[in-house]
């Protein structure tokens with residue numbers, strides 16, 4: 001199966017996607033055409049490559065422009081084009097609203113008395129309105145015409161009909177005033193109505209485009225995380241080559257502090273590797289001969305040689321990138337309620353207007369043609385869908401503004417709309433429910449007599465003993481780059497303790513560290529590490545209480561010193577230091593609040609079951625999914641969706657990105673990776689999990705406002721259509737009712753600011 005990817009310029013709604021897919025499917029040989037509104041790309045599946053000119057012609061036939069990838073710069077071209085479109089839209093918004101304000105000043109009762117005489121001139125207003133209608137509104141007309149050609153009635157159709165009728169009516173009043181005077185009708189142009197409404201519609205488009213600007217950048221940054229070169233062993237020599245030249249089976253040497261180029265298996269040496277970039281877990285993973293390593297992760301300590309097993313597009317990182325792109329592409333845009341209504345409303349209104357004209361022409365009083373025309377115009381104006389066009393974007397604008405004030409950044413309206421339906425929320429553990437950084441949680445003193453006395457002070461209090469222990473351990477660990485050691489040093493710094501000099505420091509990969517504490521003439525040998533290190537030095541850890549700490553999901557660091565009271569070279573256990581990724585203060589409160597409103601909470605993690613269950617129990621999460629590898633997080637989300645649940649995924653790591661993208665609502669922590677933030681529709685900048693609850697509340701309030709807006713917009717028009725058909729309302733009053741319906745919608749949207757989230 002051959003696949004071709006290219007960009008389509010100018011798409012902004014679901015109907016754009018439908019129109020382009022329909023056009024692309026008409027190309028001979030195309031099996032499937034998938035257009036992604038999120039990144040502006042289209043993918044064609046075919047048995048043989050499709051000629052570029054056929055693709056360009058097909059897209060051009062429906063009013064859009066295709067950008068073909070032929071030199072590997074498609075993403076850069078899309079980025080440049082989006083910036084240009086955003087700049088162009090910004091200019092149109094500023095010009096439209098400025099000119100609209102001038103027209104309002106010269107025509108609105110109460111303020112027109114203070115306007116210059118030029119602004120009150122109908123011909124001057126006509127010139128200003130024409131600029132907005134034909135220049136700023138050009139893309140709306142193009143989209144509406146394209147939609148009508150494909151028998152689709154959407155919001156573009158509604159906006160264009162409404163503003164065009166008001167504009168043409170105003171032109172008629174301006175250039176043919178005698179026509180209305182002879183009929184003894186006091187006619188006034190309403191250029192302000194068409195101009196201001198177009199300006200507001202374009203403002204909504206601009207804010208939406210701004211929120212989506214830069215889509216795809218995070219994926220590029222992720223690719224940039226890869227090592228650029230690899231140190232391969234060929235003919236018993238180590239040589240540096242480009243990562244693109246690495247092939248499966250190559251032997252690669254990796255030294256401390258270097259990135260691992262590609263996926264593979266260790267054949268010589270051992271190390272501690274920071275895999276948090278991919279796995280999301282804060283603790284380095286100890287690796288030994290036979291263990292697998294992941295490309296783009298960081299080697300923290302030991303030097304080792306490994307055999308490349310997966311390169312290029314087969315690496316785990318490349319697969320994660322692919323999963324994110326596929327999940328984004330498969331997520332169909334939500335059909336807005338307004339679009340559903342308008343798809344029936346527009347043709348019905350047109351038929352009613354035609355019916356009104358025919359009815360008054362056949363059965364009305366003289367002059368039948370003029371009366372019929374006025375009645376049909378009144379029907380079209382009273383049924384103007386401009387309020388419907390404003391119903392959703394104004395509420396979304398206010399809703400996203402409220403979210404921003406509360407540290408909730410909403411990237412797309414779809415996520416805000418869908419969030420109110422969520423009944424299941426899946427939380428990643430590390431960095432989401434927990435702080436993502438190991439901290440010392442417990443210090444248990446086993447043998448107080450062996451704690452260096454020169455650090456204790458004058459009084460042998462518990463506090464002084466703990467301080468002395470921290471000075472001893474932190475002095476050793478300050479020379480280590482291990483996160484567990486960093487946690488101990490951080491604890492000592494928080495206590496403002498002065499560390500001591502260390503001699504003979506050694507880092508034992510996968511086990512711990514050793515060193516000699518130097519103080520005046522004293523020299524105490526200290527070992528710090530895990531069970532394996534204690535076993536190597538024959539240190540008994542029996543009945544030390546470490547099992548209880550480990551069951552709580554904590555990592556235990558054992559401290560032993562050479563026993564000065566014994567003549568043999570024997571080390572004795574002095575203390576235990578428990579280190580764990582601690583739970584965020586807001587996590588428990590957020591989970592409790594979500595459970596109260598009937599939302600099922602789930603925790604997903606790569607941690608072992610004991611650790612995961614312990615944390616889940618503390619938080620009050622009943623469903624815990626432990627030992628889930630990165631690739632399976634997306635699968636777990638889909639399982640819940642197959643059960644008919646509306647799922648939100650909350651995460652922060654690269655490994656969460658596919659799950660965030662495939663979830664009905666993706667929520668990324670502001671402290672997370674760029675890739676996770678891009679894959680999600682909502683980002684919590686304040687990093688407070690209570691904001692997850694606030695997001696649900698905000699979505700419910702916004703959707704309530706949108707539905708009320710649509711009701712009022714629809715009700716105003718529907719109630720007055722029969723009145724206009726009977727000739728009981730003039731086009732002037734019809735325009736007033738139309739404007740009033742738009743004002744009521746905007747006012748109702750602004751009331752959303754009072755919502756408590």
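Residue numbering: from 1, along the chain as shown.
A Cβ is built for glycine as well, from the same backbone N, Cα and C atoms used for every other residue.
Range 188-207 is the one annotated as transmembrane segment, of 188-207, 208-227, 228-247 (source: TrEMBL). Looking at 689-707, 708-726, the range tied to transmembrane segment in TrEMBL is 708-726. Sequence-distant neighbours of the transmembrane segment (93-112) (same chain, 6+ residues past either end, Cβ-Cβ under 8 Å): 118-121, 124-125, 128-129, 131-132, 135-136, 188-192, 195-196, 198-200, 202-203, 206.
When each of 118-136, 157-176, 344-363, 708-726 is checked for Cβ pairs under 8 Å to the transmembrane segment (188-207), 157-176 comes out on top. The largest share of C-beta pairs under 8 angstroms with the transmembrane segment (157-176) comes from 118-136, of the ranges 118-136, 344-363, 708-726. Here the domain 'HMA' (2-67) returns a mean pLDDT of 83 for the predicted model.
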